[in-house]
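K.L.:
The structure under discussion is supplied below as structure tokens; questions concerning it will follow.
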Amino acid sequence: MAEEIKKINEFLWEIEKNDTRNMNVPVNIYANETILNMMQKDRTLLQAKNASTLPHIVKAMLVMPDGHEGYGFPVGGVAAFDANEGIISPGAIGFDINCGVRLIKTNMDIKEVAPKLPKLMDRLFANVPSGVGSKIKLGFTKGDLEKVAVEGVGYIIGKGFGFPDDAERIEENGCMMGANPDKVSKLAKDRGVQQLGTLGAGNHFLEVQKVDRILDEKTAKAFGLQKDEVVIMVHSGSRGYGHQVCSDYLRTLNDYLLANNITLVDPELSYAYIGSKEANDYLDAMKCAVNFAFTNRQIMTASIRKSFEEVFSKSADMLGMEIVYDVAHNIAKLEEHEVDGKRMKLYVHRKGATRAFGPGNPEVTKIYREYGQPVLIPGSMGSASYVLSGRAEAMRETFGSSCHGSGRVMSRHQAIREIPASKTLGDLDRKHIEVRVRSKKLISEEAEWAYKNVDDVVASIAGAKISNIVARLVPVGVAKG
């Protein structure tokens, strides 16, 4: 495949549109050469070329530097489809709908927190349920779940799970309008009602971090970040609720394709045309899962604030525990973008990619509009994470999109075979990182070496002028399923 890839500049590569492969658009890859070579070791670029054959895809199929092989569509992929004639594809969004990241700040310096860090991690581990099938005992009902699906975080904040102004620090204000829980299966609801407020397993985590470095003083100040400040990052999604929504509609769309005699280059790229009942039903259900995930992270935020209150004997308000921002990275949204000099309404699919709207965009919350949307980039276990801000260039080049993390280079099975848990634990211990984990298997699966170097990924995004680097964060405590 190397001969197909054309270098545009140090951080942008192109696979040209190829009619013999039925490609409708080129594939644009944002990466340095080292990362590009990593992508060629799995099916990332083949999947991107396959996605470029989807009907009414516009401009280019995009791959972010954290891109890696996924279900049909690469993780780290972005594709936009004409809102009038295009398609909706669940595989281009992902099973964990609105998997995303939230960052919460404090007014405490690491020196204040360090002596109590072991106790703090114990309380966080106890108060925020984690692990496969983790459930919470807060007594949520099916009625609560229906309200969450439609109203998002507003409903749960009204029940005391948060500060009144939390919603304005969440993408979509924590609620995607137009959700219809009637389009969600009973099985999805049965799974979801027990899992609101839980972390889950896999690559999901809760980290206590310190701000290691400020790289954009003005924007960092606007985001409320300063050097050595303690912050908390949460990475989780819609749990079994969203997974079931995706599974249900993949079956529905496979039937739709069969009924309409539509063949695919890859059966995992199933889709329905916008305006069809199948596409409308999926979007209505997807929005429910989006709102579930925002609310899931909101309930965990309440549990995190409670843990800090228990350890430091002060209210969360006195500890300055405001949300910095909350971003989705598995989602489809109706947005307006300029394509070839013309404004178009598009359904932008982001799978393992983050919205990164630039300064002045009315979709960015008013408190950050002057600086661009915060973009949260978690690293792997033991590595750094980053806070970025959106740039105007992203609106022109990537449909206002950026990366979402570091991106796997090893499968989970390969990581278990090749990376002993003892090696990872020893490395974390040398870095003085407090670890709480329910499954020892996760230590190997989520080891730092199973992922790309997040510093390289972020440098590629910054080099491509898609996002600005605002701050670098490093972990001091990590909790996983």
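FYI, residue positions are counted from 1 along the chain as it appears here.
Note: Cβ is positioned from N, Cα and C throughout, glycine not excepted.
TrEMBL entries are annotated by machine, without manual review.
Pulled from TrEMBL, these are the listed features:
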| type | residues | note |
| --- | --- | --- |
| BINDING | D96, H204 | Mn(2+) 1 binding site |
| BINDING | 203-207, 329-330, 378-381, S385, 404-407, K480 | GMP binding site |
| BINDING | H235, H329 | Mn(2+) 2 binding site |
| ACT_SITE | H404 | active site, GMP-histidine intermediate |
K.L.:
Among the binding-site residues N203, N330, S380, which residue has the largest number of other Cβ atoms within 10 Å of its own Cβ?
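P.N.:
Sorting the candidates by Cβ neighbours within 10 Å, the top entry is N330.
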K.L.:
Calculate the distance in Å between the alpha carbons (Cα) of L206 (GMP binding site) and H235 (Mn(2+) 2 binding site), and round it to a whole number.
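P.N.:
The Cα atom of L206 (GMP binding site) is 6 Å away from the Cα atom of H235 (Mn(2+) 2 binding site).
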K.L.:
Would you list, in sequence order, the binding-site residues among H235, H329, N330, H404, G407 whose CA lies within 10 Å of the CA of H204 (Mn(2+) 1 binding site)?
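P.N.:
So far as Cα distances go, the binding-site residues lying within 10 Å of H204 (Mn(2+) 1 binding site) are H235.
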K.L.:
Hey, how far is H235 (Mn(2+) 2 binding site) from G407 (GMP binding site), Cα to Cα, in Å?
P.N.:
14
K.L.:
What's the CA-CA gap between H329 (Mn(2+) 2 binding site) and N203 (GMP binding site) in angstrom, rounded?
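P.N.:
One finds 14 Å between the Cα atoms of these residues.
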K.L.:
Nearest to D96 (Mn(2+) 1 binding site) in three-dimensional space, by Cα, is which of the binding-site residues N203, N330, S380, H404, G407?
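P.N.:
The smallest Cα gap between D96 (Mn(2+) 1 binding site) and any of the binding-site residues is with N330.
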K.L.:
Using the structure shown, find which entry in H235, H404 (the binding-site residues) has the sparsest Cβ neighbourhood within 10 Å.
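P.N.:
Among the binding-site residues H235, H404, the lowest count of other Cβ atoms within 10 Å belongs to H235.
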K.L.:
Highest CB neighbour count within 10 A among the binding-site residues H204, H329?
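P.N.:
Answer returned by the neighbour count: H329.
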K.L.:
Test of understanding: give the count of other CB atoms lying within 10 angstroms of the CB of L206 (GMP binding site).
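P.N.:
26, counting other Cβ atoms within 10 Å of L206 (GMP binding site).
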